[in-house]
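In what follows, a single structure is set out as structure tokens and then discussed.
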Amino acid sequence: MTNIRKTHPLLKIINHALIDLPAPSNISAWWNFGSLLGMCLLIQILTGLFLAMHYTSDTMTAFSSVTHICRDVNYGWLIRYLHANGASMFFICLYMHVGRGIYYGSYTYLETWNIGIILLFAVMATAFMGYVLPWGQMSFWGATVITNLLSAIPYIGTTLVEWIWGGFSVDKATLTRFFAFHFILPFIITALVMIHLLFLHETGSNNPSGIPSDSDKIPFHPYYTTKDALGFFILFLLLLLLVLFSPDLLGDPDNYTPANPLSTPPHIKPEWYFLFAYAILRSIPNKLGGVLALVMSILVLAIIPFLHTSKQRSMTFRPISQALFWILVADLLTLTWIGGQPVEHPFITIGQVASILYFSIILILMPLASLIENKILKW
């Protein structure tokens, strides 16, 4: 008799995705981040669900409800910090996953790549709205500053901002709707993840060499289930280390002060994982220009597949492109640092140089380097 996992309508889907899936035999640890992101999403949904049971989305009680979770709810502090730091882990995995995609040319799977970009935007929107919910100083002012950016849109900007706010400033209506969106978006993200995987399984995984691996496949289980399990263990260990030893390491002390519309914090800045984009936004003195640069900093990923001029898919055997890639990584770290600094000399200039370099590497230098490498290899 045929195994039930191969015949049952539901188990068959799981079998084709996680058990009998033919996978390349040489995929490295860089291919672990997809499954790690799945784990992060699950942790966020579960901890978020338990937090939502005790949280109140009202300006008068939001801050104290978070305090109540940490002080009075059984293991509430653990759930809250797992959720907050889980978001940081989520973004670390996200950026590594995207970086892997750029390095190994995975972006040539256009549908998978584009769904991935939509996923990135959705996760960023979710994280931003989640940061507003504790209703601390940075929550309030972060929401005010970021939503205000939409007022740069010509003609409809101001109306749009007031429509999002549900009034003339960030207030009760804003907090309530942000909570509603923050709750629903992870489920939309889960649906998008399924589409992402659906498109990936149409083509199969890429591999470090960038060469088709149809002649050399191994079953996903037990090889990659074991490898993923090790990844889960390491990531969860790192998350627990962060949560149990230094839960506020990545947070902002200002968010322990209740939101006060009459007092502006000295430095308004988002969570660390948005600082690179924030630095790009601030590096342009014009409001609309800054907003466009901010959006383009992520949207530029959609252009990358069309700028692939190399005869090879992966960067494994392309030293010039490799050097540019790691300069890009260093540049993003520089932008992250600048985003957290005050707007003064020399940080303004460093931010502007780093922003120009960011777009130059992706849009100009990498395609040029690929052409040079083709010439070197006489292709």
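Including glycine, each Cβ sits where the backbone N, Cα and C put it.
Straight from Swiss-Prot, the features:
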type	residues	note
BINDING	His83, His182	heme b b562 binding site
BINDING	His97, His196	heme b b566 binding site
BINDING	His201	ubiquinone binding site
TRANSMEM	33-53	transmembrane segment
TRANSMEM	77-98	transmembrane segment
TRANSMEM	113-133	transmembrane segment
TRANSMEM	178-198	transmembrane segment
TRANSMEM	226-246	transmembrane segment
TRANSMEM	288-308	transmembrane segment
TRANSMEM	320-340	transmembrane segment
TRANSMEM	347-367	transmembrane segment
Key: Contact call for the transmembrane segment (226-246) and the transmembrane segment (113-133): at least 3 Cβ pairs under 8 Å, seq gap 6+   = no
Key: Which of His83, His182, His196, His201, the listed binding-site residues, has fewest other Cβ atoms within 10 Å   = His201
Inquiry  = I want to verify one value. Collapsing DSSP to three states, which class is His83 (heme b b562 binding site)?
reply    = helix
Note = Given the transmembrane segment (77-98), its same-chain partners at Cβ distance under 8 Å and 6+ residues beyond its ends are 30, 33-34, 36-37, 40-41, 43-44, 47-48, 50-51, 66, 69-71, 116, 120, 123, 127, 130, 235, 238-239, 242-243, 247, 250-251, 271-273, 301
Remark   = For His97 (heme b b566 binding site) and His201 (ubiquinone binding site), the CA-to-CA distance in whole Å is 17
Query = Three-state secondary structure of His196 (heme b b566 binding site) from DSSP?
reply = helix
